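Annotated in TrEMBL:
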BINDING   246, 271-272, 285-289, 302-309, 323  FAD binding site
DOMAIN    33-215  domain 'Electron transfer flavoprotein alpha/beta-subunit N-terminal'
């Protein structure tokens with residue numbers, strides 16, 4: 001194949017651009033991608049399905065392998081879901097071990113290195129979740145490559161668009177390093193493909209875990225997971241998000257926001273200022289150092305619109321802002337703005353909106 005490429009370039013002579021196009025087409029044929037997927041309750045998470053959409057954007061002839069780790073019935077049910085999750089999935093790799101039951105970067109990075117060394121993938125993709133952000137840099141260091149982070153668009157197999165300056169500018173970057181090209185993607189920028197019919201199912205393969213005997217437990221250990229028991233949707237994937245800022249003044253007042261979220265079937269978010277003030281836990285933080293969201297409707301109450309917060313929600317389809325300060329930066333990105341006391345607006349909304357059935 002290398003001789004074919006060289007011969008083609010010689011025949012074109014000075015037509016450098018034509019030779020570049022031929023090489024790019026050849027590169028497309030050799031694209032193979034490993035997607036590191038997250039799962040919960042027997043299903044692949046939506047953020048990982050978005051990573052599959054990013055793999056499709058890299059190349060229609062892309063050979064995609066999906067990597068799942070964990071243990072127990074939930075893992076195997078998730079593997080069955082993954083096998084029919086996308087037309088490009090050629091195989092599902094399952095690492096069945098208690099070592100991968102929790103999102104610890106050390107064992108997962110060793111797993112990723114082992115799978116990459118055996119599979120020789122040209123690309124490795126993970127979502128920009130807390131798990132992906134924790135895993136990718138460590139795994140990239142083990143493989144001696146530099147990751148491309150927060151990708152929002154794929155122009156070519158090795159040319160990507162990612163935000164810089166807290167989302168105020170977009171930068172086009174070309175990866176020029178050795179394989180694999182490791183990248184994390186913003187799940188809000190890639191729409192998952194509809195589930196395939198069950199007639200086409202990718203094979204499920206168990207990963208060789210002999211490397212675990214070498215001692216890859218690392219210097220960290222899983223202690224505990226604490227989460228709020230709520231029926232509200234997950235913040236990162238909710239269709240409607242209701243966010244409060246420091247203008248709510250107290251944790252008690254945030255309960256008004258929770259009541260509104262119950263009526264709308266929405267998730268509750270918060271600014272960093274509200275989190276730092278102790279009004280809500282930090283898992284509700286939206287922004288550059290929190291969660292990136294892009295719901296169909298984003299409602300902001302008492303949010304000034306700091307640049308770090310805007311970086312996490314500016315891709316929302318419709319933005320509604322309520323703030324008594326008419327000069328608040330949030331109004332520059334809002335589709336609808338209400339200059340009023342947020343407590344009066346919340347009170348009216350709670351009175352007028354019917355309870356969710």
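Here the Cβ of each residue, glycine as well, is placed from N, Cα and C on the backbone.
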Residue, out of the binding-site residues 303, 306, whose Cβ gathers the largest set of other Cβ atoms within 10 Å: 303
Fewest other Cβ within 10 angstroms of its own Cβ, chosen from the binding-site residues 246, 309: 246
Cβ neighbours within the same chain of residue 285 (FAD binding site) - under 8 Å, at least six residues apart: 269, 270, 271, 272, 275, 291
Cβ neighbour count (within 10 Å, all chains shown) around residue 288 (FAD binding site): 18
Overall pLDDT of the domain 'Electron transfer flavoprotein alpha/beta-subunit N-terminal' (33-215), taken as the mean: 88
